[in-house]
Amino acid sequence: MRGRSVLHFVINDARWRAVALQAVLVVVLLAIVTAAVVNMNDNMARGGVRFGFAWLGRPAGVAIGESAIPYSPGDSYGYALLVGLMNTLRVAVIGCLAATIIGTLLGIGRLSSNPLLSRYAGITIDIFRNTPVVLQLVLWHAIILSLPVVRQALNPLEGVYLSQRGINLPMPVADARLAPALIGLAMVLIASALALRWARWRQARTGEQIRIWPWILLAATLVPVGLAVASGATIGIERPQLRGFNITGGVALSPEFAAILIGLTAYTSAFIAEIVRSGIQAIGPGQWDAGKALGLGKAQIMRLIIVPQTLRVIIPPTTNQYLSLTKNSSLGVVIGYPELVSLSNTTINQTGQAIEVILIMMAVYLILSLAIAGLMGVLNRRVALVER
């Protein structure tokens, strides 16, 4: 009788019924996971493969065509995967910066009173936003490979060469004597951050607004320049030069890197442009009228009134675009760019450790996504409206 009463109580009480259902679901999930692990171990044992990560220290013997850090085929599999991660980060960081700038310009251009500019921005956004990103990567890769050979490389600007081997651009160069100037600039930036925090604290307590930015800009200019002059450092521009069958000097972007960077930047900037456009239009027309009543010009209204309010609207969806661009960098495998997924596939083919490699990839992309979300969350909290 007691067992029946307990069962009757559990069935009729909504709270206990929910707890019992969740417990059953947890048991079923654990059973499924256990069965999958047992099946995986059996299959790996039949294939002569043991689960573990000792293979990360073995020589990879893989030639990587492009690496952001020094690499040789004698390095380990772990280091080869690190090379893929660095190549992924290079695309993600540069792509996010470029997509933000281009997307912001396109979004503002979409709202321009000039019909030609507005129509051009709208058509550009629609083309890149509504075309699969994989097709865009393949298209840009094919366009670069169809460029002239090196001896007939296009030279649209001074020091810029376009050929089948990629894109060659000028590169700033400096000697080791520039180190004191860089250290001085870093110290100025640290002092500026502390000064800005103190100014905000003082304004919150007294209401007095202190203009610090002119002094920060002055210090950030004079200190590094003065240290560079005092140490005799030299800064120059190294331009690529066409010599015979090769282009020397400057920085060279391989066809694969240029294609994935251009493709992801164009695709993501189209979405960011729409985010910026919708963010600006979300601000009521009364804000523009208030700025005009104060005698501000259109550019001043945009910079002082509209943009600070727009940031509160556009940062969350822009974070999603940064996450998408970072994860879309894995599509570099389609055009032969040696990023993390491409080198992971090679590692799986050579070692047979598919489970471990996939777990590493999942962990890496999870950490990258959480890092991006965390940084953008900090920025979002700084611009969020604080209610008192």
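Just so it is clear, glycine is given a Cβ too, placed from its N, Cα and C backbone atoms.
Curation does not apply to TrEMBL; its annotations are automatic.
The transmembrane segment annotation in TrEMBL covers 20-39, 51-71, 91-112, 133-154, 178-200, 212-237, 257-276, 357-379. As annotated by TrEMBL, domain 'ABC transmembrane type-1' applies to 85-376.
Residues 40-41, 44, 77-83, 86-87, 89-90, 254, 256-257, 336-338, 343, 346-347, 350-351, 353, 355-356 of the same chain lie 6 or more positions beyond the ends of the transmembrane segment (51-71) yet place their CB under 8 Å from a CB of it. Here the transmembrane segment (178-200) touches the transmembrane segment (212-237). Their Cβ atoms form 3 or more pairs under 8 Å, with each pair 6 or more residues apart.
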